[in-house]
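Taking it in order: structure first as structure tokens, then the write-up.
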Amino acid sequence: MTSRRISREAPVQGALVIHPEREGRGQGRSPAARLEEAEGLARALDLEIREGVIVNLRRLTPATLFGSGKVEEIAALCEAVEADVVVVDDSLTPVQQRNLEKAWKVKVIDRTGLILEIFARRARTREGRLQVELARLSYERSRLVRTWTHLERQRGGFGVMGGPGETQIETDRRLIADRIGRLKRELDEVRRTRTLQRAARQRAPAPSVALVGYTNAGKSTLFNRLTSAGVEARDMLFATLDPTLRTLRLPGGRPVVLSDTVGFISDLPHELVEAFRATLEEVKEADVILHVRDIASADSDAEAADVREVLQRLGVEMAERRVIEVWNKADRLDPEARQERRTDAVLARPAAVLVSAVSGEGCEALLARIAGLIDEAPPVVIHAAAGQGDLVAWLYRHGRVLERREAEDGSVSLAVSLSDQAQGQLERLFPGVGVLA
Ligand SMILES: Nc1nc2c(ncn2[C@@H]2O[C@H](COP(=O)(O)OP(=O)(O)OP(=O)(O)O)[C@@H](O)[C@H]2O)c(=O)[nH]1
Ligand SMILES: [Mg+2]
């Protein structure tokens, strides 16, 4: 055992992190904050940061991204700090990556490559691993297409038929396509099992609450605080990858199922978002969404905007009646800022609660808010014919049944309090259901 562990230990790799600063990129974040985030990503891969630099890109140089003077400067810096890897916090084309590796004589990785690599290391479940592999291959395929276009252009329109490079790319593309097809079938299989598990859970009478948020916002810490679970929470980007579920009791004793899941980041590779679509179904179907934000982060607003954007891409409905913003890390604010945030939270739309997952401050209020969202709406009376057991079970799970009357023909009338969200879902799942106000 011991010897295996020793032999697996890789030597520390030193990294030079470069944040290329371009006009119109970064959505209002400061370049320094962007660089810091890129360094955090590199650290999440166990790279040791030797140096971080911001490089202003005035003009784009297609072959190397950076101009030739900058390329030379960075080559010298690489040598000076003894970097093994250069992280470029942008997307590089395969050609740029190759040219830079040649010029700097080190391995070069771009932002998407970095994020994919972190995900590959973190994936624990079979579904997680398959998803990451699928994302990686989709990314590679898109890069092959780009190389292909590039070659075509190089030939200036002549000799497009045949040629060894072309054949190789064609072969690579077909191999990747085959592998993607196989992965998708495997994933379908794994997901069928999970869907069955979810269906089984849905029979349990508990509404669901999903944690979402920017990576490192404190989702897992809050999850542990609320459920007394031992999910890994670390000061590391993308500490959590696979979803975890736990039951917790709201004030009044009502159980809800809380889910913790993967965090988001700005410029999240779209291949990853696609690959994780199924995992994020928990979020899509949740009765309440808790959007956890690091309110002490200087980029808190930009991060929140990124999270909303990803959720929108995933088709998650962010209706006000369904979302609570959890303004976390209140303990990191100075007393004045804290008071200000507390006042802001009262007026915020969607509703916001200032908490500290570490100290527990605000967590009681948060639970009360969740209970409020789940129960708030005035009750409706729903008539379920005999044999509509699925409807009755659904109502018990997603609403609060206040009264139940059974008729002789086996039909049931229920007075139920449903959230707006649940009511919308009800109409979609059971069209034409008999609702009496
Ligand atoms: N001071 C302070 N630190 C917190 C609080 N909540 C979380 N943290 C810290 O923030 C870091 C990230 O916390 P996690 O709970 O792992 O964050 P996460 O959102 O689950 O992150 P990913 O899984 O990586 O997306 C850890 O070092 C936590 O200890 C808080 O309320 N106050
Ligand atoms: Mg986490």
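Glycine is no exception: its Cβ is also placed from the backbone N, Cα and C atoms.
Heads up, TrEMBL stuff is auto-annotated, nobody curated it.
The GTP binding site annotation in TrEMBL covers 213-220, 238-242, 260-263, 328-331. Thr240 (Mg(2+) binding site) is surrounded by 23 other CB atoms, counting those within 10 A of its CB over all protein chains shown.
Annotation source TrEMBL lists Mg(2+) binding site at Ser220, Thr240. In the three-state DSSP classification, Ser220 (Mg(2+) binding site) falls within a helix. Ser220 (Mg(2+) binding site) counts 24 other C-beta atoms within 10 Å of its own C-beta, drawing on all protein chains shown.
Annotation comment: TrEMBL describes 207-378 as domain 'Hflx-type G'.
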Candidates near ligand 2 among the binding-site residues Asn216, Lys219, Ser220, judged by a Cβ under 6 angstroms: Lys219, Ser220
Where Ala239 (GTP binding site) falls in three-state DSSP terms: coil
Length of the line joining the Cα atoms of Gly213 (GTP binding site) and Ser220 (Mg(2+) binding site), in Å: 10
Average model confidence [pLDDT] within the domain 'Hflx-type G' (207-378): 88
Alpha-carbon spacing, Ala239 (GTP binding site) to Ser220 (Mg(2+) binding site), which is rounded to whole Å: 9
Top Cα neighbour of Thr240 (Mg(2+) binding site) in the set of binding-site residues Asn216, Lys219, Val262, Lys329: Val262
